[in-house]
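Some notes on the structure that comes next.
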Amino acid sequence: RAYLDNLTAIGPRTVGSPENEVLAVNYLVEQIKAIQKESTDAHKISVDIQRPTGSFSIDFLGGFTSYYANITNVVVKLEPRNGAEHAVLSNCHFDSVPNSPGASDDAVSCAVMLEILNTLSKSSEPLQHAVVFLFNGAEENILQASHGFITQHEWAKSIRAFINLEAAGVGGKELVFQTGPENPWLVQAYVAAAKHPFASVVAQEVFQSGVIPADTDFRIYRDFGKVPGIDLAFIENGYIYHTEYDTSDRILTDSIQRAGDNILGVLKYLATSDKLAKSYEYRHGNVVFFDILGLFVLAYPARVGTIMNYITAATAFLYLSKKLLQPKTRAIPNLKKFLATFGLTLLSWVSALVTVLIVAVFVSLIGRSLSWYTHFYVSVFLYGTTAAAKLILVHTLAKKFFYKNVNEQYLGNTFFDASLMIWSIALAVITQIGLCSAFVCMLWVAFPLLTKLMAHKEFSQKGATMKFVMMYMLGMFVPYLYMMYLSWNVFEMFTPIMGRSGSEILPDVVLAGFIVVITIVLSSYFINFIYLVKSTKTTLITLTTVFVVTLILVCSGIFFPYSSDAANPKPKRIFLQHTIRRFHGLDGNVVKSDSGIWINGFDYNGISHITPHVPEINDTIRTPCEEQAPFCGLPWILPVHFMFRLVKNWYLPAPEIFPRSPIDFKLLSKELMPWNSVRLSFEVSGPSHMSLYVRPHEGSALSTWSLGDGMPIASLGGDYFVFYSHGLQATPWHFWVELTAPEKHSDGIVSLAIAAHYFFGEDQKSPQLYALLERFPNWTFSSGWSCTYDLFVF
């Protein structure tokens, strides 16, 4: 706890700032040296401060290239007295995003690692392998420090596995959401050693699909180090992740203790495991893994899962075909009836989805998006009731008009079989695709099938309804309990993400979609009861009433999306950049310039809730796109332009800014190369964070450059983006670009822009930016900085 409090007391630790490069580094080294003094003779502790320079390309956020200079890593190696050939790596990062104390992301992980180092160093038993603790100082700069370590540090060669400690929320339980690639022995190590397991292969497949706009150092160790590992993250309360509210007092001691117990157990297990030394022998095969209510983890090889899934699906198909095709004389009428119920079930699902999405789009269009952001129950009352009512209505109408005189028990049976068939098909298809998450479908086939077979006699006897219902509920208990547990974790993770997913995505549509899917899943084996009960009138009236009342309240604006509640804030995120832009012509002279405060609302609502408080921020100051410039001539810190529509950007005119340490951008040379190519060499000096944007003109092409692996990677939209950062005392940045040029190029061959971002120090906020930020309501988290933007044509 003391480690965490002291580290966050330093304040925001942005790469390049004295807080990150000096104060945090000094504090960590001081603590490590104190631990070193107390260490027993069984261990040897070595400390190294690494300041790497390097470059790489990454396909995250649509693809871009990263360049870093003189950033900081604090690396500690704990090994037996006589040394060790192999090592396990534990990784945290001590830097934070600008304007946030970064307690959960990721100071708490560094505090946990210091305590683990302390505990292991005092043990009288030597470890079999070394443990390398990497306190990395540039993760928020899109994974730069981990790249510097794994590609350049001498200890990196001995790393055989790693544990990465991250955050996507503040406190709570830490979820294992990525493992591998392959290397099933790592999951087995976690299962054997973690005292309080919380892990899900579903989370892994969701995260790796790219639907969550985030990434971790796991990617760097996997892709550049070819090392397998385990990725853990705190996921609770993502509403205040990357905000000023991410403070140490919000992280419960229980949460720190729990994480410490788990990570210490797993690190110890790996550092004493024979498999670590021969990890390449155990590298093949994926694992299906999931925890049961946080009590223990079930894990088995994916190939075993595939066999189990196919056997389960085959058993269900066999049961259904036997039922439908016997007696042979009734086979065709049975099939026709079955296909009708199958179609009707699918129709009810599709109509529920369409109805709910229409409501979600309507709510978004009238400007009431995210009304559930602070009050989650609103989403259930609005979308859950609609989905349930539509499902019940479709089947009630079918019962009344389509199945007028059909035996109720027969209908109940047939609709059960239709749901079983749909789940069996889903199980077979998802298994065929190769997703380990197919185990969820397996639960929804195996348990209902067993229940049906066991309760079959009860169902066919009159008067045994109550007994049947009890047996039915008991048989469904496992899949229902697990689905409720999984759904809650999904909502806990995804609901806060909707507040930072940009202005392109309709959050109500996404959340409504989730709710419909979960309603369909949970009701799939209860649809048959609609045909067994006398009337659904009361249920329908109740659900409709709840929906109508909630919709009226949502439309009236009573549910305000954001909250400034001190104990549980749910702020609206806004980024403000006081910018000066200069557009230079071919002759180097300024053709056009302007200055203003560029404003980005990080969610779909834009600034509609801000205008009443700051009237000059309104829809008359929407940002125009400078078509001739890369990335619309805007100083994006990252290539996230695809997440924001230009109609959801605002540019408030403001006086010019004059940074005390302005950017210096020079063309050093222009060389003609073979194959009609031109090489342009540049020198740039400026603040710790700069963005380079490149757009080859029509007929020209960027063929190679001195960045990354030499192969330029275009971002979404076709322009090229380079993220640059440096620590202290960095020399000017030198780079070159090579372009193939057409014979005639009167308007130049390339537009090249550079933005300088001032995230800390005296240049960070202008008086005008300070004054504007003061006027923002207390339910916002407004992160502001100054920047300059210069466009050149060559």
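Here the Cβ of each residue, glycine as well, is placed from N, Cα and C on the backbone.
What TrEMBL records for 73-265 is domain 'Peptidase M28'. Feature annotation from TrEMBL assigns domain 'Endoplasmic reticulum metallopeptidase 1/1-A TM' to 335-555. If you look up TrEMBL, you'll see 569-792 marked as domain 'Endoplasmic reticulum metallopeptidase 1-like C-terminal'. According to TrEMBL, the feature transmembrane segment maps to 287-320, 340-364, 376-398, 418-447, 468-491, 511-533, 540-562.
Taking every recorded stretch in 287-320, 376-398, 468-491, 511-533 and counting its Cβ pairs under 8 Å to the transmembrane segment (418-447), the highest total belongs to 287-320. For the domain 'Peptidase M28' (73-265), the mean pLDDT of the prediction comes to 94. Most Cβ pairs under 8 A with the transmembrane segment (340-364) among the ranges 287-320, 376-398, 468-491, 511-533 are made by 376-398. Beyond its flanks by at least six residues, the transmembrane segment (287-320) meets 173, 176, 179-180, 184, 187-188, 190-191, 194, 196-202, 417, 420-421, 423-424, 427-428, 431, 436, 438-439, 441-442, 445-446, 449, 453, 481-482, 485 of its own chain at Cβ-Cβ distances under 8 Å.
Here the transmembrane segment (511-533) has Cβ contacts under 8 Å with residues 345, 348-349, 352-353, 356-357, 359-360, 372, 379-380, 383-384, 387-388, 391-392, 395-396, 399, 403, 408-409, 411-416, 419, 422-423, 444, 448, 476, 480, 483-484, 487, 490-491, 494-495, 498 of the same chain, all six or more residues outside its ends.
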